[in-house]
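Below is one structure, written out as structure tokens, with a few remarks after it.
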Amino acid sequence: MSSSNGDMKMRVIVMEGDETSNAPKDVCCDYTLDGSVDIKGSPAVKGKSGGWLAGGLILVNQGLATLAFFGVNVNLVLFLTRVLQQSNGDAANNVSKWTGTVYMFSLIGAFLSDSYWGRYKTCAIFQAIFVLGLALLSLSSRLYLIRPVGCGTEHAPCEPHSSAELGIFYIALYMIAFGNGGYQPNVATFGADQFDGEDPAEAHSKVSFFSYFYLALNLGSLFSNTFLSFLEDEGNWALGFWVSTAAAATALLLFLSGTLRYRYIRPSGNPVGRIFQVAFAACRNWKAGVSPGAESLYESDEKADSGGRKLLHTEGFRFLDRAALVGANPKLATCAQPRDPSKLCTVTQVEEVKSILRLLPIWLCTILYSVVFTQMASLFVVQGAAMRRTTRFPGFSVPPSSMSAFDIVTVAATIFLYRRAVCPLVSRLTGRRNGPTELQRMGLGLVLGAMAMATAGTVEHFRKASATTAMSSDLHIMWQVPQYALIGVSEVMMYVGQLEFFNGEMPDALKSFGSALCMMSMSLGNYFSDVIVSAVTKATAVRGRPGWIPTDLNEGHLDKFFFLLAVLAVADFAVYLVCASRYRGGTVDDRSDGEEDGMAGQTPAPV
């Protein structure tokens, strides 16, 4: 979301009568300009709050929390098959459903954060739930699930379990989903809050923060995908889960240690209510027979209702402008009586709804990429388990889930090269300081995702051709490296770009909701993956045929499934090009409060 004021003021003079400030009168202070406050509720002072010290704590917190989460997630498909005796198809679907539920819970966390609790309190509470869920999973695995002792390896499956034991397992698993899901959309936004977007220097750091945030996420999962993956693949499930629990508890303590240093954004009230107010007022004024553009639009001369910065009027979705039509409610736009938000909304309130509607087509196009991405934690692992995994070291074989370490290394290398080489080069060529736009990077992520699926299909074709016995092949698991590497580059382009894009385009009152939308695309991607796998299995497993994804991959056609996803990704990219080319963002009004009266009919066009 662009700014209407090109001259950024670096300092603020707090004058007498400013009811939102507890600072001394007439004192020139180096305050932040984005409305952030300190722990006492006073305006945040640069140098004493936020910055990379606070941001660094959040990055370490994210790395440890991710280590804990992926300590469960990365090998969950193998835990379900080896310990709970589920089939490959059922296990892959259950992992997709669980991962999707994690991201679905992000909406709850975003709603509580933006509306009532604020980002700090929401992060702390959901992290505590996350730690408790991990502790319960560790205990249940040690006491009930890993029986007999030493089971849970490739050649030593565990005994059947009672309904009560499975119930405890799923309660723990979905406590982890609830805690991690509610925490994730807020911690990224809370980290970005530590940098003042109105300060050019800090604004650049704010953009960089999202890349480093994603890097911390992947470095945390690197430990899970190597050391913890090896432990769990050898049957040490309870030990692996306890390591995850310790990492999550340490992450929570580190997060709480920065309480006095953080910058805070006050919660802005229920955004859902404001959205429905706009819809109701627009419908009501439409019935009144007033055409948009016939009258000026209403904007309060006070602070925005949501507590954030005001937004300028933009074209598009003109039917929503009826909600702010003064002509339909002339008395409400004056001081004659208090304004009824269900009858007359402000331009800022209308523009908040428009911002969401503009983002929806872009967001929908990212869902299919998440279908591609989720294969790395499910069918890539199943494929790797059917390949030759021996090494030069006697007694050591490569755990299938540890191959995602190549994805993580690729992510780290891509972020480093992108920031150090690609951005400066593109900046010199185009004059754009931050390099390629977020939309360009997201489009590239879609293309690379399609290439990853085509590569996985090719590897599977040759794996099956070299099969020797049931469920085994002479093709070495290292042939999976290219598909993991392509996924790594594509996720940096897609998910980092998506985080930056949604955070930048969402109004101040909906920042956490923007991060939740990113996670929702992952959630729906997991659910759609489940739907696609189930549909393909049902359509192909007929007349006695095993289908494309049977328990023994040598009897199926997993390569055809990967090629199908590649085709779908290419089609999705074509739709994305149309949506991205038509996207136009909104504009923030940086003029100080009181400079404008209650009419917003003559506002600058969006840029």
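Positions of Cβ are set from backbone N, Cα and C atoms, glycine also.
Whatever TrEMBL says is automated annotation, not expert-curated.
These numbers come from a predicted model, not from an experiment.
Copied over from TrEMBL, here are the features:
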TRANSMEM  52-80  transmembrane segment
TRANSMEM  101-118  transmembrane segment
TRANSMEM  124-145  transmembrane segment
TRANSMEM  212-231  transmembrane segment
TRANSMEM  237-256  transmembrane segment
TRANSMEM  359-381  transmembrane segment
TRANSMEM  401-418  transmembrane segment
TRANSMEM  439-457  transmembrane segment
TRANSMEM  561-579  transmembrane segment
Proximity verdict for the transmembrane segment (439-457) and the transmembrane segment (359-381), three or more C-beta pairs under 8 Å: yes
Proximity verdict for the transmembrane segment (401-418) and the transmembrane segment (212-231), three or more C-beta pairs under 8 Å: yes
Candidates 52-80, 237-256, 561-579; stretch with most C-beta pairs under 8 Å toward the transmembrane segment (359-381): 561-579
Tertiary contacts of the transmembrane segment (561-579), as residues 6+ beyond its ends and Cβ separation under 8 Å: 361-362, 365, 368-369, 371-372, 375, 379, 442-443, 446-447, 449-451, 453-454, 456-457, 460, 532-533, 536, 548-549
Of 52-80, 124-145, 212-231, whichever stretch has the most CB pairs under 8 A to the transmembrane segment (237-256): 52-80
Touch test for the transmembrane segment (124-145) and the transmembrane segment (212-231), at least 3 Cβ pairs under 8 Å: no
